[in-house]
Amino acid sequence: MAPYFLRNLVPRREMKAQGRPLLTVLASLTWVQWAHFFSGWLCWTCDAIDFFSVSLSVTHLQVQFSKKATDITTAITLTLLFRSLGAIAFGIISDRFGRKWPLFWNMILVAIFSLGTGFVNTYSQFLAVRSLFGVAMGGVWGLAASTALENLPVEVRGLASGVVQQGYAVGYLIAAVVNLTLVPETSTGWRGLFWLGAGISVLAACIRALLPESAYFIRAKEAERLHGTLRTPREKTRIFLRETKEMLKIHWLLCIYAILLMSGFNFLSHGSQDLYPTYLQTSKNFSAHNATVATIIGNCGAIAGGAIAGWLSQYIGRRLTIVCFVLLLGAFIPLWILPSTFGALAAGAFCVQFGVQGAWGVIPIQLAEMSPPAFRATFPGVAYQLGNMVSSASAQIEATGGGNFRTTVIKNGKPTEVADYATVQGIFIGVVAAFVIVITIIGPENHGSHFEKHKAAFEEGGGRDEAMAEEDDVPRVKSGGGESKESSRPASLRVDEEKRDSAV
């Protein structure tokens, strides 16, 4: 007999059974649901535009500040380190007060620090602004993912998870295209990348401000009104803190597991992305133009992989999908590092990022289903960013490894010794991929969880997994010819449509 964690890798039949076909569910979504999903996706895309603007500008920043590559990658490390602070602060505020305004102000801060990066003149200023940006960036993922997923029916969440997560790849793609076309043609140079990111972040904040609060919190407030148990903000905060303590007492081991899982995933993504343009220019002697084009091709693979993996996870399970895609990326590591021609290396980038970001595409829904239901912004966001903190030295590790592993390329007709980032990244990605497979297999899975039916964190009992909202707390909607508590949407969305539309 195989061990239990292997037998349980594929979800049971009743866990895989879904009420309606995917296309039917997509056709039934309201414009508010679509808008919430787009808002979460756009916020995460903005986050990635700014973050990867540093990766794409390493060589320009070296010239600007007269520093080595390892000095510039210190900014990436600091950004990743400080993201945990933002995840804790904004996650707690979101689970306590709602999704709307915390995410709005989070994106405004992202825009401010992105704009500020474009105006720095010294290396010290650059490091300071990037550290502050890390705090703002840390809050976005948990809030954006919860906003996008908790307002959708359970049948479509796998696909939605993959698309939302690949806002990260889309942001990288946008930054790469701008770096390819705008940066060489304007006098502002690399600064224009950050100014563009600031503008799009303000747009994302405005879109979130125009949309109503998440239906999950509308339901919780409506339940208070129906039961006549309206509490003061101080009382709600006291309940929230008590329920948080209860949750940590029950789920402390799950918290540790989630941090280990996200450490592996963040090592995998940052190890294959942060220094990729530098790797191509240094170890493969590519021009900045060709390195950017290869980066764009890799991100096309990432976008495709995330969407396909997210959809596939709805049928074969979250963990099995992750394992399959990590094995796929491992098989293509040789194509990532061995060739010397543009075509072969670009194909390797596409295939490896298809696997890396395919596995990542399952993470938003895997963490949301795994987490204590009332803490779907705090738990996934903090686990994600603590994993980022652990993996924050990825670029530094690879840059240091490049100083010890050397290779020879022909530059200007002469043999030149350069950092062998190909060998470094091949070893690094292979080891991390093996760790991710093991940690994923031994972990839990709550495939198809109806977390939207759970009590909010500021309600009595919210810290316990069994604390479900009562049926009478869910407002009725008309479905077909009459009223019913069961509609084509999840319980959290069974709210009077006219009331929600008027809130916009």
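Heads up, the Cβ atoms here are built off N, Cα and C, so glycines get one too.
Nobody curates TrEMBL annotations by hand; they come from automatic prediction.
So that you can see what the record holds, here are the features copied from TrEMBL:
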DOMAIN    36-447  domain 'Major facilitator superfamily (MFS) profile'
TRANSMEM  72-91  transmembrane segment
TRANSMEM  103-120  transmembrane segment
TRANSMEM  126-146  transmembrane segment
TRANSMEM  158-180  transmembrane segment
TRANSMEM  192-211  transmembrane segment
TRANSMEM  250-268  transmembrane segment
TRANSMEM  288-313  transmembrane segment
TRANSMEM  320-338  transmembrane segment
TRANSMEM  421-443  transmembrane segment
REGION    458-504  region 'Disordered'
COMPBIAS  458-467  compositional bias 'Basic and acidic residues'
COMPBIAS  483-504  compositional bias 'Basic and acidic residues'
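Of the Cβ pairs linking the transmembrane segment (250-268) with the transmembrane segment (126-146) and spaced 6 or more residues apart, fewer than 3 are under 8 Å, so the two regions do not touch. Within its own chain, the transmembrane segment (103-120) has Cβ neighbours under 8 Å at 39, 43, 46-47, 50, 53, 86, 90, 94, 126, 129-130, 132-133, 135-137, 139-140, 143-144, 147, 188, 191-195, 197-199, 201-202, 204-205, 208-209, counting only residues six or more beyond its boundaries. Where the transmembrane segment (192-211) meets the stretches 158-180, 288-313, 320-338, 421-443, the count of C-beta pairs under 8 angstroms peaks at 158-180. When each of 72-91, 288-313, 320-338, 421-443 is scored by its Cβ pairs under 8 Å to the transmembrane segment (158-180), the top-ranked stretch turns out to be 288-313. Beyond its flanks by at least six residues, the transmembrane segment (421-443) meets 5-6, 9, 257, 260-261, 264-265, 267-268, 271-272, 275, 278-279, 282-284, 319, 322-323, 326-327, 329-330, 333-334, 336-338, 352, 359, 370, 394, 397-398, 401-402, 405, 407 of its own chain at Cβ-Cβ distances under 8 Å.
Averaged across the domain 'Major facilitator superfamily (MFS) profile' (36-447), pLDDT for the predicted model comes to 87. Taking Cβ pairs closer than 8 Å, the transmembrane segment (320-338) reaches residues 9-10, 268, 272, 305, 309, 312-313, 344-345, 347-349, 351-352, 354-356, 358-359, 362-363, 366, 422-423, 425-426, 429-430, 433-434, 436-437, 440-441 in its own chain, all 6 or more past its ends.
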